[in-house]
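Trainee: One structure, as structure tokens, below. Some questions next.
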Amino acid sequence: MLIKLLTKVFGSRNDRTLRRMRKAVSLINAMEPEMEKLSDDELKAKTNEFRARIGKGESVESLIPEAFAVVREASKRVFGMRHFDVQLLGGMVLNDRCIAEMRTGEGKTLTATLPAYLNALSGKGVHVVTVNDYLAQRDAENNRPLFEFLGMSVGINLPGMPAPAKREAYAADITYGTNNEYGFDYLRDNMAFSPEERVQRKLHYALVDEVDSILIDEARTPLIISGPAEDSSEMYKKVNKIIPHLIRQEKEDSDTFQGEGHFSVDEKARQVNLTERGLVLIEELLVQEGIMDEGESLYSPGNIMLMHHVTAALRAHALFTRDVDYIVKDGEVIIVDEHTGRTMQGRRWSDGLHQAVEAKEGVEIQNENQTLASITFQNYFRLYEKLAGMTGTADTEAFEFSSIYKLDTVVVPTNRPMIRKDLPDLVYITEAEKIQAIIEDIKERTANGQPVLVGTISIEKSEVVSRELTKAGIKHNVLNAKFHANEAGIVAQAGYPAAVTIATNMAGRGTDIMLGGSWQAEVAALEAPTEEQIAQIKADWQVRHDAVLAAGGLHIIGTERHESRRIDNQLRGRSGRQGDPGSSRFYLSMEDALMRIFASDRVSGMMRKLGMKPGEAIEHPWVTKAIANAQRKVESRNFDIRKQLLEYDDVANDQRRAIYTQRNELLDVSDVSDTINSIREDVFKATIDAYIPPQSLEEMWDIPGLQERLKNDFDLEMPIAEWLDKEPELHEETLRERILAQSIEVYQRKEEVVGAEMMRHFEKGVMLQTLDSLWKEHLAAMDYLRQGIHLRGYAQKDPKQEYKRESFAMFAAMLESLKYEVISTLSKVQVRMPEEVEAMEMQRREEAERLAQMQQLSHQDDDAAVAADLAAQTGERKIGRNDPCPCGSGKKYKQCHGRLS
């Protein structure tokens, strides 16, 4: 009560921010007559004038009124469009490192030109981020004439572009691209082997369109660049055959409940749990299939990977549904984005889940991948010096934007008052009754010539509604992940009189629905339209537009509530743009996922008590309140998941930054010999310490062990025992110095043969490759640690603190391994003259031919039998190069049969 009273007196924070900015809007408006007097050349010259002023130390902020006035005037001349005052406010909000909530149809694309131009004046580059390639290309091409008129270059960053084209796009003043592509380019740049391979500049200013979709909906999905791991597709197929034998039970076994099934599903947490009965059956089936030995347990350490396969297969069958979570197209399983309804080509689920779904659907199973580099959007966008975003629905997530990204949300008022009617929800008992009511509503609306947009939450639901509409003889368009190619065209014409469009989730976001349809789309469809044709198209459109306005504007039907209120608001926001009339209504049933999982049982109890007859709907504030509470519950849970993900990823992020900084420094120098010399000292000190403890008695020294270690790991033959026998005065300190000096001398002799320049190049390559290899292994180890760390909670330990502690220890160990591996590799390198290499190659070819002849005579030749036996053993188990050779010769595999294979 008191807060409301204070807000009335002093205004909300939002009001105060807008009040401050309106003063600047007045200044911009006052400059308009002055700008109108300038010639085109004088207006264009303003850009160089602003750049010169910034060069002399003037701040970008001080240029706001003048720069915005210049962009507004240029837009009038180039597009014939003048920025509204609310768009100027939006531009200032975006420049202020804030999120601008601007309703659908308020011209966010044109608003973005203001802060993009202003921040590009510094010459550091501006990245405009969109949700898909179509919008990136459309916005770049639409705004290019304006920016080029003002002397600014525009680049488009699309997937699959060659590196030189990408470098050129990033070098432009303003670059348009998708969130995925910017993130992947960052990861690829940090895997480059030369500075010339990198494409990005320093990350300066990011302007994110549909910021809620990118920074919230996709925050749980990390960007991963991966390489192939071992092939285990056969195992997925075998385990997949077993899963259909299992029966699902309603809930998990407990002290009070013992079910008859084999597994239970927790829909809320999206987890599957095997029951005792299920575990016994799975083990029996695995033994029958010959995958596991009799008497073995699925939980024994040797069967960890098998358990992983079973869990993945069970999740694929119980939690992931075709045409809801994924589609199958051209023999490939493609993920469907749960928030936008779009397909995510090229994205794959991790932890073997994607392979399990492929096995379930009977398509070709692609190899599992190993992570080479990864980053979350949360951490990528926090790398920018300056970040801002815009969307039609941000206010419900303002707390998350503030706590995670330190971005305030400012609600920008609409240019004209909103007059859309949001009708109360109607709740039915069954899904069938609800669908029937939706069909009746559509019939009624279209009979009056009112266009209808039906929003569904999955492809499956959109197809159910489509079938019912077809039965009822109602012509309609379907827009979902299966038909997204003609997305913009369908959305543009969704405002036609009596048009019915079914859209999955928010597919088609970013394209305005114009009442009466889009006359621009009709003109674009003609090859060379004449002035008369264009005038006729506009006149026809005006008639349709007026008819739709008279019918009540666009009507929105939601077939069920989404988990997030924000996505419901996005659907509603498609109607009532720029002060147009419109209406919206959500139809729900007690069988909807949200109602079933999260809304309390009281709602269904209340409906039964009211004695509702089939086909009747309930419309009551209590029900609406229960639904809103259910949505809040889900939003809060999803926020906690994202926050927790970020807290864990922050640990990896600190390490990632350290590694990438080190790697970039390494890339930018041509001579790393000082670093090599420094780490050589550290490595030899640590190696000697293991066999000659510092300040210890000679009796404690392990000289044979040290000699063997130096030979095996550094290819150094050092008669240390002989030195000590011949030189009694040789003590610990001088011995250490001699070992190090000898290693340096051997290394320098190699350098003399190949030349200093070649050696420097080789050193740098070894350091980069070793760093990448160990970082890849470290990422895999961090993944394993992350998956099991929650179990520490049972030991009364904080899993987050344990994760931080262990991952730091692993990181420190990785850095030590890096030093050791680099020095070991450089020490072992064999320098050969060209003629020696040729002779060795000849010898290798002769041995290969001899081996081929031996294998042809294998039934007569014992030696070939050994080779065949060896091949069988290596097929079962991968033999390391330094392992003993299975033929029994006593030699290492690489020096015996490994050399022949």
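Note: Cβ is positioned from N, Cα and C throughout, glycine not excepted.
It should be emphasised that the depicted structure is a prediction, and the values quoted were computed from it without experimental measurement.
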Trainee: Out of Q87, Q520, which does Swiss-Prot tie to the same ATP site as G105, E106, G107, K108, T109, D512?
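Mentor: Record check against Swiss-Prot: ATP site with G105, E106, G107, K108, T109, D512, extra candidate from Q87, Q520 is Q87.
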Trainee: Applying the rule Cβ within 8 Å of the centroid of the Cβ atoms of Q87, G105, E106, G107, K108, T109, D512, what extra residues of the same chain belong around the ATP site?
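Mentor: The answer, listed by sequence position, is M102, T104, L110, T111.
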Trainee: For T109 (ATP binding site), which residues in the same chain are close in space, meaning a Cβ under 8 Å from its Cβ, but six or more apart along the sequence?
Mentor: D139, N142, N143, D209
Trainee: Taking E106, D512 as the binding-site residues to compare, which has the smallest set of other Cβ atoms within 10 Å?
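Mentor: Lowest Cβ count within 10 Å among the binding-site residues (E106, D512) is D512.
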Trainee: Specify the secondary structure state of G107 (ATP binding site) as given by DSSP, simplified to three classes.
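Mentor: Going by the DSSP assignment, G107 (ATP binding site) belongs to neither helix nor strand, so it counts as coil.
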Trainee: For G105 (ATP binding site), what residues in its own chain, 6 or more apart in sequence, show a Cβ-Cβ distance under 8 Å?
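Mentor: Counting only residues 6 or more apart in sequence, the Cβ neighbours of G105 (ATP binding site) under 8 Å are D512, R577, Q578, D580.
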Trainee: Please give me the CB contact count at 10 A for Q87 (ATP binding site), counting all chains in the structure.
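Mentor: Around Q87 (ATP binding site), other Cβ atoms within 10 Å: 27.
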Trainee: Which one is it: of the binding-site residues G107, K108, which Cβ has the fewest other Cβ atoms within 10 Å in this structure?
Mentor: G107
